[in-house]
Amino acid sequence: MFALWYLTFAVDEIRKQDTMVDAAVLAKLEEGYAKLAASDSKSLLKKYLTKEVFDNLKNKVTPTFKSTLLDVIQSGLENHDSGVGIYAPDAEAYTVFADLFDPIIEDYHGGFKKTDKHPASDFGDVSTFGNVDPTKEYVISTRVRCGRSMQGYPFNPCLTEAQYKEMESKVSSTLSGLEGELKGKFYPLTGMEKAVQQQLIDDHFLFKEGDRFLQAANACRYWPSGRGIYHNDNKTFLVWCNEEDHLRIISMQQGGDLGEIYRRLVTAVNEIEKRVPFSHDDRLGFLTFCPTNLGTTIRASVHIKVPKLASNKAKLEEVAAKYNLQVRGTRGEHTEAEGGVYDISNKRRMGLTEYQAVKEMYDGITELIKLEKSL
């Protein structure tokens, strides 16, 4: 009887240790939470991390990688000016910390509830999109991108240096098999020549270390190991390896020919998927490091000059919101507009198909241009 009791006691103790959060981590969490609660932060993290949710989650860890609530929220605790403030250190975090992720996902993705299920992937008929600005008066450039995570690997904070290198090798060999207009070259960041680096910076292709939001989330470890960039010969197709997501697949060019840009992206994604299995969840769609990119992961954007609308930023924001568009500065998130040029994109990525996400942007931009012409 004693032996049975002792065995049960021992198993319980092991379980406790397995899920117990380190005292130093708990202290950091408590201190960070108190500062966030007292701040004037407008982040979704502050909005949804109530004391009740915080107390319920602070002792939890993910089963495989032992990620804690601190791993999830440390970027938002350090950067009170975050818009969102949370990242998923591994795929299991979306389940273990669902009490925080679910309301943030619902808020950001326009009502995608915890009972909702993301639809199956559908790129639709790529020929239905045309040029949003055939006269070239307003749209400077157009870009469509998506994020993908490689099956069997965690997200940035849990990756080892060996895994980074292994992933880079897989991505590099996969992309070297691309043909036609997608054919190009992979450039590892490690050992990159200065001239090549400068050229990629001049082309606005090269991502660089230093984003404080990602650094605070532990996404920049072992830099530049395992990071690289691929572009085709025409410089209209790019793949980033291990920046924020395992893969960022990007199609872009000058002007407003969304149809051509979207078609190129769809071709590329389908070709890469034949060779690299992607992480996908039945409810959340394609899994990514940041919850804003879940689902379709599609972000279709234009750099656009709308000086009349821009003179009344509130009006521009109002019209954009009506079409589920997001307005950012010229250089993207956390930047200002330069020379009246805005980066405008679809905001919703969940609860709709890839085709529908791009169509929201297409319809919204068409309407913005019509409005600008009428002012």
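Cβ atoms are placed via backbone N, Cα and C, with glycine included.
Whatever TrEMBL says is automated annotation, not expert-curated.
Residues or ranges marked as domain 'Phosphagen kinase N-terminal' by TrEMBL: 25-110.
According to TrEMBL, the feature domain 'Phosphagen kinase C-terminal' maps to 138-375.
The ATP binding site annotation in TrEMBL covers 141-145, HIS204, ARG248, 299-303, 328-333. Cβ neighbour count for SER141 (ATP binding site): 17 (other Cβ atoms within 10 Å of its Cβ, all protein chains included).
There are 16 other CB atoms within 10 A of the CB of ARG328 (ATP binding site), with all protein chains counted. Just so you know, the Cβ of ARG248 (ATP binding site) picks up 22 other Cβ atoms within 10 Å once every protein chain is counted.
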